[in-house]
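Heads up: the structure comes next, in structure tokens.
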Amino acid sequence: MTVKTEAARDTLTYSRMRGMVAILIAFMKQRRMGLNDFIQKIANNSYACKHPEVQSILKISPPQEPELMNANPSPPPSPSQQINLGPSSNPHAKPSDFHFLKVIGKGSFGKVLLARHKAEEAFYAVKVLQKKAILKKKEEKHIMSERNVLLKNVKHPFLVGLHFSFQTADKLYFVLDYINGGELFYHLQRERCFLEPRARFYAAEIASALGYLHSLNIVYRDLKPENILLDSQGHIVLTDFGLCKENIEHNGTTSTFCGTPEYLAPEVLHKQPYDRTVDWWCLGAVLYEMLYGLPPFYSRNTAEMYDNILNKPLQLKPNITNSARHVLEGLLQKDRTKRLGAKDDFMEIKNHVFFSLINWEDLINKKITPPFNPNVSGPSDLRHFDPEFTEEPVPNSIGRSPDSLLLTASVKEAAEAFLGFSYAPPMDSFL
């Protein structure tokens with residue numbers, strides 16, 4: 001006969017309890033996964049989401065701890081922190097709303113993808129940014145500034161429009177107009193330079209866009225061929241507003257050193273205060289590049305190029321008209337107080353003899369036929385995008401939200417840094 005000691009009985013009891021706990025944990029995990037799948041199916045069903053009982057279930061708040069209920073309540077978030085989705089038929093946008101089809105661009109913090117909205121069947125360019133990468137470089141202010149600028153310029157024909165923005169715990173999503181005529185940079189690389197009428201047309205549309213931004217007290221600061229797109233008809237569309245500076249009035253200045261080396265104005269290199277005329281310098285640099293094939297003071301050696309911008313006189317070859325020479329000399333004036341646009345901003349550019357052939361009212365209404373048609377056959381025509389992007393596989397993580405149970409502390413911290421990012425347009429913007 002086997003006699004069980006007290007220790008043996010305790011070990012047996014502990015083993016049974018541990019086994020029961022393991023079974024219970026496995027059961028709870030399975031139920032939780034099943035419940036999560038069930039809720040996801042409901043959330044993805046637009047008809048179910050409209051049912052009052054379903055809405056009340058999805059809005060249940062977690063119970064508060066008794067000791068917390070009597071604690072001093074936290075102050076309400078400031079207006080800039082509140083998530084304002086607005087009255088919209090799609091107030092809870094999420095990655096699974098889209099089919100992400102192709103990578104069409106890349107940047108420091110993420111990718112731009114061609115996406116088709118599943119319900120609307122509409123095509124968009126979705127800019128997907130990694131929050132942790134943004135925070136690591138302390139660029140969250142620039143990202144929120146880009147969002148704010150996009151909200152302001154949705155009505156202008158030569159500025160890319162933001163349809164809505166949303167976020168997951170680890171990513172930000174800008175849902176933008178899909179523009180597939182190619183970057184101006186791409187077309188310049190292929191053709192080396194443009195004839196003067198074509199360069200004038202593009203410069204006029206760019207100037208119109210910059211003038212509109214200035215009317216909103218926004219300085220663009222990063223004009224370059226890579227940020228200038230052509231739409232399917234051949235009109236200019238300005239994109240990428242990450243370096244925009246808001247609240248710069250007519251005589252206001254700022255001093256942040258930023259931009260792209262080839263297009264930096266002398267006052268920026270000198271680290272002096274600068275104003276809206278920095279954009280007119282950049283317009284001059286882009287116009288020069290369209291006419292001659294390279295930026296005006298270009299050198300492969302960045303230090304030499306900076307010295308050229310600061311000290312080298314502007315050299316113009318004789319193969320352009322006198323009005324083109326005059327406008328380039330005015331825009332690329334090293335002294336910003338004497339630069340074309342210093343007194344009356346866009347009106348000076350608009351009234352310059354170089355643009356005398358432009359009917360500005362027809363231009364803004366897109367009644368002028370562009371000098372070049374990209375001839376795209378439809379949204380799936382990607383011929384004007386760099387194959388380096390379009391041949392890259394679409395990451396699986398782009399189209400799904402991370403499991404909240406698996407979020408790390410750093411991801412949660414990143415999630416909290418972009419309160420107020422999400423945006424949906426008011427209903428009247430769809431009318």
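Every residue, even glycine, has its Cβ placed from backbone N, Cα and C.
Annotated ATP binding site per Swiss-Prot: I104, G105, K106, G107, S108, F109, G110, K111, V112, K127, in sequence order, evidence recorded as sequence analysis. Feature annotation from Swiss-Prot assigns region 'Necessary for localization to the mitochondria' to 1-60. The region 'Disordered' feature in Swiss-Prot is assigned to 64-92. Summarising the annotation, Swiss-Prot assigns motif 'Nuclear localization signal' to 131-141 and lists similarity to another entry as the type of evidence.
Feature annotations (Swiss-Prot) mapped to structure.
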| residue | record | contacts (Cβ under 8 Å, 6+ apart) |
| --- | --- | --- |
| I104 | ATP binding site | V112, L113, L114, A125, N180, L382, F385, F389, T390 |
| K106 | ATP binding site | V112, F389 |
| S108 | ATP binding site | A133, K137 |
| G110 | ATP binding site | K127, V128, L129, Q130, A133, K171, L172 |
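For V112 (ATP binding site), the Cβ neighbour count at a 10 Å cut-off comes to 23, with all displayed protein chains included.
Residue counts for the motif 'Nuclear localization signal' (131-141) under DSSP, helix first, then strand, then coil, are 8 helix, 0 strand, 3 coil.
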